[in-house]
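J.: Below is the structure I would like to discuss, written out as structure tokens.
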Amino acid sequence: MANTAQQPPHLHLAEVTASQFLDIWKHFDTDGNGYIEGKELENFFRELEIARRGAGVDPSNPTFREKMKEFMQKFDKNRDGRIEMSELAQILPTEENFLLCFRQFVSSSAEFMAAWRRYDTDRSGYIEANELKGFLSDLLEKANRHYDDQKLQEYTQTILRMFDLNGDGKLGLSEMARLLPVQENFLLKFQGVKLTSEQFNAIFTYYDKDGNGYIDEQELDALLRDLYQTNKKEVDAKNLTGYKQSIMSLSDGGKLYRGELEIVLCREPIV
């Protein structure tokens, strides 16, 4: 029985539901860091090949390595050598393409942020679990997608299982943004440049020259450029414009308040 419990779930299916997709993800992302990588990736590809071919696969065979390389060239969109949740959605035959469907509702991170802002009313960087259904319903309607209450409930419960790991009934912005396409998830661009509370407060105070508690789009542009230069990261003008638009979607009529920018740049919300 123990061996049966270790069998990878659902890979043999012609179509997987949103819930089954999550089972697959959790089975292979064994350390729970949000990526299928290293040995996890090798195991995933091996089991996927077995499920599709109905026969055993030898990872030591050079042909296996070559196939895995071709597989990653096709699906590893940002070329980081690992599979993210949004990339896995491209690989698996998901029912109604749950995650791909989500990505079609929100064609850009700016749209995602604008939708998020309507529900994160206290600007905490979280939405309450009981607001999630409304958040998803809003996105579905925006995309003219037909759905029933049962399907909406399944999507809601699946996302809760994905992200509300401590069961506190709150979902974080950066976690939900993992559902965006890799190239659209601007929050990923800030990995490695996250600020501590002290650093964030210092940089916000510096750019909020008049001390009115918010910065505008021009000030945000300067702040982002400085942040990238300080962290020795390259950013071109087109990408910077996109990041800026996404972040400004959180603003209140062009005024980006401390709490809103903190959601993007800080490791943890400041209490």
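The count begins at 1 with the first shown residue.
Including glycine, each Cβ sits where the backbone N, Cα and C put it.
Not my notes, these are from TrEMBL:
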- 16-51: domain 'EF-hand' (DOMAIN)
- 63-98: domain 'EF-hand' (DOMAIN)
- 107-142: domain 'EF-hand' (DOMAIN)
- 151-186: domain 'EF-hand' (DOMAIN)
- 195-230: domain 'EF-hand' (DOMAIN)
J.: For the domain 'EF-hand' (63-98), what are the DSSP-based totals of helix, strand and coil residues?
T.: 24 helix, 2 strand, 10 coil
J.: Per DSSP, what is the residue count of the domain 'EF-hand' (107-142) in each of helix, strand and coil?
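T.: When I sort the residues of the domain 'EF-hand' (107-142) into the three classes, I find 25 helix, 3 strand, 8 coil.
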J.: Using DSSP, what is the helix/strand/coil residue split across the domain 'EF-hand' (195-230)?
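T.: Helix, strand and coil residues of the domain 'EF-hand' (195-230) number 25 helix, 3 strand, 8 coil.
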J.: Could you break down the residues of the domain 'EF-hand' (16-51) into DSSP helix, strand and coil, giving a count for each?
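T.: Tallying H, G and I as helix, E and B as strand, the rest coil: 24 helix, 2 strand, 10 coil.
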J.: In terms of Cβ proximity under 8 Å, which residues at least six beyond the ends of the domain 'EF-hand' (195-230) contact it?
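T.: The answer is 240, 243-244, 247-248, 251-252, 254-258, 261-262, 265-268, 270.
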